[in-house]
Amino acid sequence: MAGMNWFWRALGGRQGRDQKRSLGLVAAAAALEPELAELGDAELAERARAGRDDAPALLAALREISRRTIGLRPFDVQLQGALRLLEGDVVQMATGEGKTLSGALAAAGFALRGSRVHAITVNSYLAGRDAAWMGPLFEFLGLTAAAIGEADGPAARRAAYAADVVFVAVNELGFDVLRDRGALATGERVLSPAPVAIIDEADSALVDEALVPLVLAGSEPGASPAGRVTDVVRRLTRGEDYTVDEGRRNVFLTDSGARRVERLLGIGSLYDAAHVGGTLTQVNVALHARELLRRDVDYIVRDGRVALVDGSRGRVADLQRWPDGLQAAVEAKEGLDVTEGGRVLDSLTIQQLIGRYPVTCGMTGTAVAAGDQFREFYGLTVSVVEPNVPCIRVDEPDRIYATGADAFAAVVAEVLAVHATGRPVLVGTRDVAESEALAAALAEAGVAPAVLNAKNDEAEAAVIAEAGAPGRVTVSTQMAGRGTDIRLGGADGARRGEVVELGGLCVIGTGRHRTARLDDQLRGRAGRQGDPGSSVFFVALDDDIVREGGAGEELVVQPEDDGRIRDPRAAAHVDRAQRVTEATMLSIHATTWKYNKLIGDQRDILDERRDRLLATDAAWEELAAAEPARAAEVEAIAGPAAAREAARGIMLHHLDEGWSRHLADLDDLRESVHLRALAKESPIDEFHRAAIAAFKGLAERAVAGARETFRSVRVTAEGVDFAAEGLGRPTATWTYMVNDNPLSGGSAVGAIAALFR
Ligand code: ADP
Ligand code: MG
């Protein structure tokens, strides 16, 4: 850790002056402790309120309140973390340091200063857990805290969002924002304004999942993908009709392949304007589904349906689907009924969601490693908070093998060997198939592990909590962002002494992740709060990330009989490959970021207009000015109130319709600029120019369409029957997430997938 501090200072993070000042304020808070301990509850709460703008007074009062209400006396490092959060940083605190409490202390501080806080968690189970756990602290101060539950309806959500501190899972929040901004009356909305977001596991939300679009769709039979295209693609030959790039990220149709497709479909050139947007995309998508998406890695087939495996969490994702064309192509490939896609009404990325908050801060065990992204994309600074007790975990160097099979055998042998000593073992695997293969191999050897790839966060949390019990073997996919603490000796710590004696939790990784940060998330499960523990990764030279990142480099090494490679050049090769993969991901991120930023900005403009239409009679005024005779007529039939309601509904309908179409247009646009990029135009500039023009068109068309409807719509004494006039909203709406990364290990999102975002 000392080495990291030096590194961090060199990067110019908040070490030095700010950190020193923080420590001084925490020390000042500590000095107030004896005095505050003497106060009655009411006086203490009053002291917190009075001291809300004075850091030592506030922190001291919060420490005492925490002790009295939830029975935890915050450590100095937790106060320091809370302080850095209050100043708007991303705080790095290791796993098990008590970030939940730090976050809650900061939330209380913000709330006392009059700002509603959204405490954003990774999942709804954690939102509920944290709200219940930290609730008494807020109550003591006369503040309210609430959690949003997945099953909560609009009324329950509205009530919860009115609390001073709202614990909510990032996806739930995003979907509520989407539904709110499509509301047809202000009273339908559930959210209350909150200027502050405190994001737990901040790198998970802000970096790993930031570009995943949350989608609000309406039922309307979508363009079903041509079954013929799937058939044609099935007849193509790899290497002849198409090629797959080294990293298995992209498929390219060859010239002869294109001609073959043209012949089989009986069409002219695939690259004609007539086919580029339609048939060519379908062919590419079908190829993509055939070659790059692997059953039991990227998706599983269950109950006759394709269920996606969440790329970053490595488990089945209920709410996720791929962009419609891709989803349908995979369904076709598996011979399943093709589900119909609805029309996308609106979409939102987590990047755009977080951009709505004037104040953003967060905490994670691995903030420094994501420091570039936090700074570049969110303007956030990272603060490092040292662990309460120094970390004594032993991180062994990677054990490198020639092939995946060698590495797998070595992992099995290592798990069995460590298990034989009674030490608990946690194995982090990279995907569901691997976790199942490993569990099967271990069971074969007589050690049945607990396997985590269920869909129930709460049940999973209970299993993880036991992962530190003696003799336990737990196999999990992707531990990042799981948010459950692993105590040595089991959830109640009953057999702690025994496990400490044995050397603590042993963490084994079955391969490096796409970023070292995710490796660190896994390692961090061992050695919490100064516990003993160890970590080691088993790496194969034919692992995806080693091959992709190390492509083109010659590495001549001599494996030993069991495939192990001890040559130091192999370790350097693996590190370099991971860094290359990280860099590729970062640049893709930056590009996608720019696309999304523009779309987000446009939606903001539209929202302003939408708000005005909802909250005022602007729609009526505009239509009456444009169509005075018709306005007089409508008012005479329906009366002033219903006439205004009708005008509002008509305007909103055309605006929302226009936005939905605009989103579809932007998708097409992104696809075509991508193709044109070959002609040396900068795709993003090109996209900007065209997107801005399209947005102007949207506004004009919405007004023209509204005038047209206003003139022709049937009006009665009750106003306009929107449903009967075909102006209603879709009969059903639903939400889902688009899988950001259909390619497992897929650092570079393939061009095809990118087109859909
Ligand atoms: P993190 O999110 O940083 O991994 P948690 O917030 O889940 O950690 O807390 C980990 C454990 O530490 C919890 O069991 C919690 O009860 C305990 N804990 C947190 N703060 C304190 C404290 N000040 N004193 C004692 N135990 C604490
Ligand atoms: Mg946590």
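Here, residue 1 is simply the first one shown, and the rest follow in order.
Even glycines carry a Cβ here, placed using N, Cα and C.
TrEMBL does not curate its annotations; it predicts them automatically.
What TrEMBL records for the ATP site is Q78, G96, E97, G98, K99, T100, and among D431, D457, D485, D492 the residue it adds there is D485. Under DSSP, G98 (ATP binding site) is assigned to coil, being neither helix nor strand in the three-state scheme. For K99 (ATP binding site), the same-chain residues 6+ apart in sequence whose C-beta sits under 8 angstroms from its C-beta are G81, V91, M93, D200, M363, T364. Applying an 8 A CB threshold to same-chain residues 6+ apart, the list for E97 (ATP binding site) reads V77, Q78, G81, G365, V385, P387, N388, R528, Q529. Annotated ATP site Q78, G96, E97, G98, K99, T100, D485; additional same-chain residues within 8 Å of its Cβ mean position, judged by their own Cβ, are M93, T95, L101, S102.
Non-local contacts of D485 (ATP binding site) by the CB criterion (under 8 A, 6+ apart in sequence, same chain) comprise T95, G96, A465, R528. When the neighbouring Cβ atoms lying within 10 Å are counted for each of the binding-site residues (Q78, T100), the highest count belongs to Q78.
Counted over all residue pairs in Q78, G96, E97, G98, K99, T100, D485, the record's binders of ATP, the longest Cα to Cα distance measures 16 angstrom.
Checking the binding-site residues G96, E97, G98, K99 against ligand 2, the ones with a C-beta less than 6 Å from an atom of that molecule are K99. Q78 (ATP binding site) carries a helical DSSP state (H, G or I).
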